[in-house]
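Heads up, the thing below is written out as structure tokens.
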Amino acid sequence: MKNRKVVLIGCGAVGQAFLYGALNQNLFDEYVLIDAFENAAKGNAIDTSDAIPNLVQPPKYVKAGTYEDCADADIVVITAGVAQKPGETRIELIGRNAKIIQDIATEVKDSGFDGITVIASNPVDIISTIYQRVTGFDVHKIIGTGTSLDSVRLNRLIAEKYDVSPKSVCAYVVGEHGDTSVSVFSKATIGGIPLSKFGKKMTESQQRKMHNEVMRMAYKIINLKRATFYGIGAAINKICRAVLQDENIVLPVSCVTKGTFEMQLGWPAVVNKNGWSKPLKLELNAEERRKFNKSAKEMKKVFDEAISELGL
């Protein structure tokens, strides 16, 4: 049986959270770490190697490496980039992170890599689209984390309100992973029952309040502890597991669908060993569609400015 190999590019807090989760879930056999600061990759490789003897199912190895290691990797996970500061929006990161992803994309392409790329660097939708533009890879094999984390947050808040397990809730956030995101309450369900028919119906005011809480969650966490990483780390692991196990699971990832101007934006799609496909025909109500279209237009504007700066 072929060893499952991942190359992690970016060994900051998010990369470390993904790595630790993947090790404990036995997702891969081989782990290669790359970071702009080589000592960060080396240090994390040594540190996690010390954890291997205590794992129930230890991997073959964790080591620091180079982009050449991407050549035979199954998945490349990219978490590299400047982190969001208190009070800073994800979009404001684009000026610094666009050049970083351009350089990474060039290195990955030159390595001969032909697997699946999972991207969590912010602003993730634009970064994923730039990565595709630079590499020329099949867009379906590039999976940005999209609104995976936003949707988890929405599901959790709905579950808390109605006193049910989050696993019984199905609700999506679409559009930007950021301030123009859209919570799709009109299609939310609990145990297959429309949210509007489960218990006391939420008012529009309550829905707006819950959406704002979802949207502001990252700011709250960053103000409290400087960074978010456990939630997004778990989201990356879920995507990787869906790819490795060919799960055909629906996840709200960065993908291209109707109204996204050929950009990748958060939208539910099927994820399996081939990447993402079959974006859901999620019928938004008029207000949700208006907000989604606005989100897409704003993201397209930022993307166009970014690629112009990069000379692409």
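Cβ atoms are placed via backbone N, Cα and C, with glycine included.
According to TrEMBL, the feature domain 'Lactate/malate dehydrogenase N-terminal' maps to 5-144. Residue counts for the domain 'Lactate/malate dehydrogenase N-terminal' (5-144) by DSSP state, with H, G and I taken as helix and E and B as strand, are 70 helix, 25 strand, 45 coil.
Sequence-distant contacts of Val14 (NAD(+) binding site), defined as residues of its own chain at least six apart whose C-beta falls under 8 angstroms from its C-beta, comprise Thr79, Ala120, Ala227, Thr228, Phe229, Ile232, Gly233, Ile236. What TrEMBL records for 10-15, Asp35, Tyr67, 81-82, Asn97, 120-122, Thr145 is NAD(+) binding site.
In the three-state DSSP scheme, Thr228 (substrate binding site) falls into the coil class. Under the heading substrate binding site, TrEMBL lists Gln84, Arg90, Asn122, Pro123, Val124, Asp125, Asp150, Ser151, Val152, Arg153, Thr228.
As annotated by TrEMBL, domain 'Lactate/malate dehydrogenase C-terminal' applies to 147-308.
Applying an 8 A CB threshold to same-chain residues 6+ apart, the list for His177 (active site, proton acceptor) reads Arg90, Asn122, Pro123, Val124, Asp125, Gly144, Thr145, Gly146, Thr147, Leu149, Asp150, Ser254, Gly266. According to TrEMBL, the active site, proton acceptor annotation covers His177.
The Cβ of Tyr219 (phosphotyrosine) lies under 8 Å from the Cβ of Pro86, Gly87, each on the same chain and at least six residues away in sequence. Residues annotated as phosphotyrosine in TrEMBL: Tyr219.
Neighbour counts were taken as the number of other C-beta atoms within 10 angstroms of each residue's C-beta; across the binding-site residues Gln84, Asn97, Ser121, Asn122, the minimum falls on Gln84. Checked against Gln84 (substrate binding site), the binding-site residues Gly10, Gly12, Asp35, Ser121 differ in C-alpha distance, with Ser121 being the nearest.
According to its DSSP assignment, Asp150 (substrate binding site) is helical. Straight-line distance linking the Cα atoms of Val152 (substrate binding site) and Gly10 (NAD(+) binding site), rounded to a whole number, equals 24 Å.
Here the binding-site residues are Val124, Val152, and the one whose Cβ sees the fewest other Cβ atoms within 10 Å is Val152. The binding-site residues Asp35, Asp150 differ in how many other CB atoms lie within 10 Å of their CB, and the one with the most is Asp150.
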